[in-house]
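*Asks:* As annotated in TrEMBL:
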DOMAIN    168-395  domain 'EML-like first beta-propeller'
DOMAIN    442-599  domain 'EML-like second beta-propeller'
REPEAT    435-467  repeat 'WD'
REPEAT    521-562  repeat 'WD'
Amino acid sequence: QSLSQRLQVQEKEMELVKAALAEALRLLRLHAPPSPLQDPDTPAPTRDRYACCHTPSSSSFQGPLGASGCRVVVDTPLFSVEGISVKMFLRGRPITMYIPSGIRSLEELPSGPPPETLSLDWVYGYRGRDSRSNLFVLRSGEVVYFIACVVVLYRPEGGPGGPGGGGQRHYRGHTDCVRCLAVHPDGVRVASGQTAGVDKDGKPLQPVVHVWDSETLLKLQEIGLGAFERGVGALAFSVADQGAFLCVVDDSNEHMLSVWDCSRGTKLAEIKSTNDSVLAVGFSPRDSSCIVTSGKSHVHFWNWSGGTGVPGNGTLTRKQGVFGKYKKPKFIPCFVFLPDGDILTGDSEGNILTWGRSLSDSRTPGRGGTYGIVAQAHAHEGSIFALCLRRDGTIPEHFGAVRAIAEGLGSELLVGTTKNALLRGDLAQGFSPVIQGHTDELWGLCTHPFQNRFLTCGHDRQLCLWDGEGHALAWSIDLKVEPCTGLCADFHPSGAVVAVGLNTGRWLVLDTETREIVSDITDGNEQLSVVRYSPDGLYLAIGSHDNMIYIYSVSSDGAKSSRFGRCVGHSSFITHLDWSKDGSFIMSNSGDYEILYCNQVGFICLGGGLLVGRGCRRICRSSRWRGCYIGRGKVGLELYT
């Protein structure tokens, strides 16, 4: 421990020395004119004319997550005018890059973030695979659901830019994944709960509930910051008192049930509910003193002695649902209140149970409720995930099981499925998809060379082509090469075919019109991380986790390929690669942040961190790269938050 403390002290002292040196250099530069940078074809200045120095900036800044999941620390670059290069350190490894030829003096180096900004236009997909309470219809007619940390408000019709003339708005107040939603009885206010996570600096983010206005997208109240553990699993507004209260169940081991005042954001009551999973929670629409929770092998009926007009905050007491002669199900994922106060539960056995409230309890509001099973109906062969007070219907099997149901206008229903599809329709006319997406992690993404379309692939083995103008899925196919999953993809410049790299060393070429596999080749047994066609379409470069870059010559239509060679030299797996605009050189990056360059003649590695050779120096200083993780006509890495 003492050694660790001494190391920390030494690191702090080094930071102070660097800061002092940077300030001194800044003052010197204020009294000296900027030195022009030499042309790449002129002799390099001698060492006694120029000296290496730190830039007048902080000694380090935090970069993106590295391959191991840790955040990359990029030290302040050292400028060496001899050779016109910049040396920086990534996790202690020296990386040398030459300054682009277009920059004539050190004063021209960009010191701030670029002026361009990005705005969220469209969110593809819907999270139905592993979440509940995730689909509602607002008073405005908009459909509200969530994916990742964004809550989407989708209007199927009447807005620009979507399928069928629909549009999207987005609530972006959350800092980590949203797990549940609840809509206020007024149909305008929305509560959304997020899970725990970490911010960009690695600091923990606590679970919290946001109450916000769906018309203005402004946050009205932040509830429970620091009061929940792991995440918010379920929540619901009260109904009988116009949404004055909010009940929340967190994801801690005890699944704490709490009741909150929506207007003040204060906690009124809290109790440990159960050690088993809690999947749903809700207030009785007739009596806010009655709260129901359900989940793994249980239904609990809670009596809350608080409420409007009741002095004090009240307490929560539990009554456990007794199944008696009926088989106790493994899970009870959902329930719904009937107009007369009874409750319907759907369970993993495919049964719908009717729970009736005792006559004395129903006549005395504020006493909670004593419920017992009065009827059972076997509705489905599989589990029941959602209940809605409408007649039952059928959903096409390839869309997955029903996860959530919401009532639309008139006879319209909106259905969310376990395969992350959002369907719209009615029982008479059937259902059609309005939102579709991947059902597992997304890894590969590439854009069409001349159409407003893009292709994605991931761990669900689905290959999806998206229409960027209509914001809709053009087509989707299953690769059917289990256990292979798609990790990377790239279109041929003709747009006729697309190459897809898999996690087993295989890569496929598919015809974009017929969707048929026209080529199936294997390179090694390690996963492929990047595939990239040359700008002229004559070559295909494939980066692998075996530290190799495989080069293939490609026919004019892209359908046929033959091995041309391979690039060696990296000491870690390939993460990114890029072709120069004329297709003569390849720039590649690896898991240990090494940058190498290969030329087309046999694709021989020209150099890396040391940048040996005049030819390689010109390559590094050129800005004729199409785009890569490191480089692209800039001095080193520019990382902004």
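Using the three backbone atoms N, Cα and C, a Cβ is placed for every residue, glycine included.
Since the structure is predicted, the reported quantities are computational estimates derived from the model, not experimental observations.
In the displayed structure, how are the listed features positioned relative to their neighbours?
*Replies:* For the domain 'EML-like first beta-propeller' (168-395), the mean pLDDT of the prediction comes to 85.
According to DSSP, the repeat 'WD' (521-562) comprises 0 helix, 22 strand, 20 coil.
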*Asks:* Mind tallying the repeat 'WD' (435-467) by DSSP state, helix then strand then coil?
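*Replies:* Looking at the repeat 'WD' (435-467) with DSSP, the answer is 0 helix, 19 strand, 14 coil.
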*Asks:* Restricting to the same chain and to residues at least six past its boundaries, which positions have a Cβ under 8 Å from a Cβ of the repeat 'WD' (521-562)?
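*Replies:* Same-chain residues near the repeat 'WD' (521-562) but 6 or more away: 487-494, 496-497, 499-507, 509, 511, 568, 570-579, 581-583, 586, 588, 590, 598, 600, 603, 626.
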